[in-house]
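Summarising the annotation, TrEMBL assigns domain 'Pyrrolo-quinoline quinone repeat' to 6-75.
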Amino acid sequence: MGMPTLDLPVPMGMPTLGGPTSTASGLVFFAGTQDYYLRALDSGTGKEVWRERLPVGAVAAPLIFRSPKTGKEYVVISAGGMSHSPDVGDYIIAYTLPDDVAAK
């Protein structure tokens, strides 16, 4: 059908529990996988350019914002909230993206 194929760093068949979020700089973030990683992909190539392991799975899309004061890009994710693992808790986690990733 003329659609490009991407070699994504997630095994086929792994369900995702949250949607992706993209930035104007060409990054796509997603986290709702069962391996507990928050990933940033290059939207042009599909290559993983950054990832960080979460303490528990995320079931939400990441929120991304750029500080008008510093120009730094931040990613915020809600992780947890799963009734099948109440012992690990719920988290709101914020990351500052490395300059070489955010300045893409």
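From the backbone N, Cα and C atoms, a Cβ is placed for every residue, glycine too.
These figures come from a predicted structure and were not determined experimentally.
DSSP states for the domain 'Pyrrolo-quinoline quinone repeat' (6-75), grouped as helix (H, G, I), strand (E, B) and coil, give 0 helix, 26 strand, 44 coil. Summarising model confidence by region, the domain 'Pyrrolo-quinoline quinone repeat' (6-75) averages a pLDDT of 83.
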